[in-house]
Amino acid sequence: MKMRKLTLLLALLAAALAISCSAAAAGGAIRTQLTRADAGRGLTRRQLLRRMARRSKARAARLLSSTSGSSSSPSSATAVPGKDQAIDTEYLISFGIGTPPQAVQPTLDTGSDLVWTQCQPCPSCYAQSLPYYDPRLSATSAYLPCDGPACRQLDLSSCGARNWGNGTCVYTYSYGDRASTNGLLETDTFTFDGGDTATAVPGLAFGCGLFNNNGAASSNATGTGIAGFGRGALSLPSQLKVDNFSYCFTDITGSTPSPVLLGLPANLYGGAATVQTTPLIQSPGAVQTFYYLSLLSITVGSTKLPVPESAFAVARNGSGGTIIDSGTSVTMLPPLAYGLLHDAFVAQVDLPVTNDEPLCFAVSGKKKKEKKQKEEVPKLVLEFEGATLDLPRENYVFEIEDGGQNNMCIAAMSSGGGMTIIGNYQQQNLHVLYDLAGNKLSFVPAHCDKV
């Protein structure tokens, strides 16, 4: 018993020391890779885009529930499986946990805080492509105590006893749609492989998921858990004590890896004239995880949508607002704004409508040997406080063939509530920088495979 208490105390001290010094230990920027969750699965473009639309709709409902006074935590509101996926998966971040490192690929999620992965002995886990992390194979793994500061950051936790280990921090997250994760809060060394060099950071806290249910998902292999990149204390950027992080999403229907960087130099963009910067807004509500932006207006072609700024702003009770999100694919708008956007495109595109959400138009068929000419489409511009996002065509239009009919679709849908979500389809080939110290978000067009 004394040895066990000593182990817990040493683990707590090691975690506190390592977290406080983690930015220095990293020795500069940490670099690793993101891979598209659906990459390499042999899905057609039509299948990929339909899965994206379904996931975006389901995720929007969860994000809305987390800001509407529901008892769900931000994490439990965002990491829920859609109809055909296991846990909300869009981009998987690669790193190693343990000594020696064991590879994990959790989902990068700017809408939650906790980092967790499925763990051995894994009495109840869903399928994944990588082996489950095994703390018994790591020389630096240790459980964290239930009376420690990390455990107190969890929305739902308890003190372990018997099989859990006396005094350990036991967490439970219920994700809705019958999805859940239950396990032990641990600490271990994280290793980030940047290609030329690897960076090891000791003592990072994470959830070791032992009982994980992917709910309504199929048995398809997926990510190993979730890497929270939100604004809470347990998120990966917060634990690393970095002033900023960035990502650059390559083509969303391709398989080229995307870079993610943590702790970047202040002159990241080198004074490029095309850099746009807008403030990150703090929510007055209880949920402090999300990255809120000040969206002022939306313009479709020659039409500025008659939507009041208040429709995009976060309310005093923390509901609504506009967030930028790594886990939502297509941009989601409040019903009023989406209806006006829909009507503006219909009025300016002289093609038959084949679907209302997402909005799709019938494109005249072309012979296979003929070079397809893209139909003209009105510009889509999002105006933020201090910044303008003038979207290139490929960031808001996609083409699919359905039943022999070619369709041109707009990558936007109704959120079904008051929240606006800027999705990752609109963020393709943009280097997006979250300046945590300065409370700013910057973005600039980039060749993401060369960042």
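Cβ coordinates are placed from backbone N, Cα and C, and glycine is handled just like the others.
Record note: among 40-60, 61-81, 61-81 is the stretch given as region 'Disordered' by TrEMBL. Counting neighbouring Cβ atoms within 10 Å of each of the active-site residues (Asp109, Asp325), the lowest count belongs to Asp325. Cα-Cα distance from Asp109 (active site) to Asp325 (active site): 8 Å (rounded to the nearest whole number).
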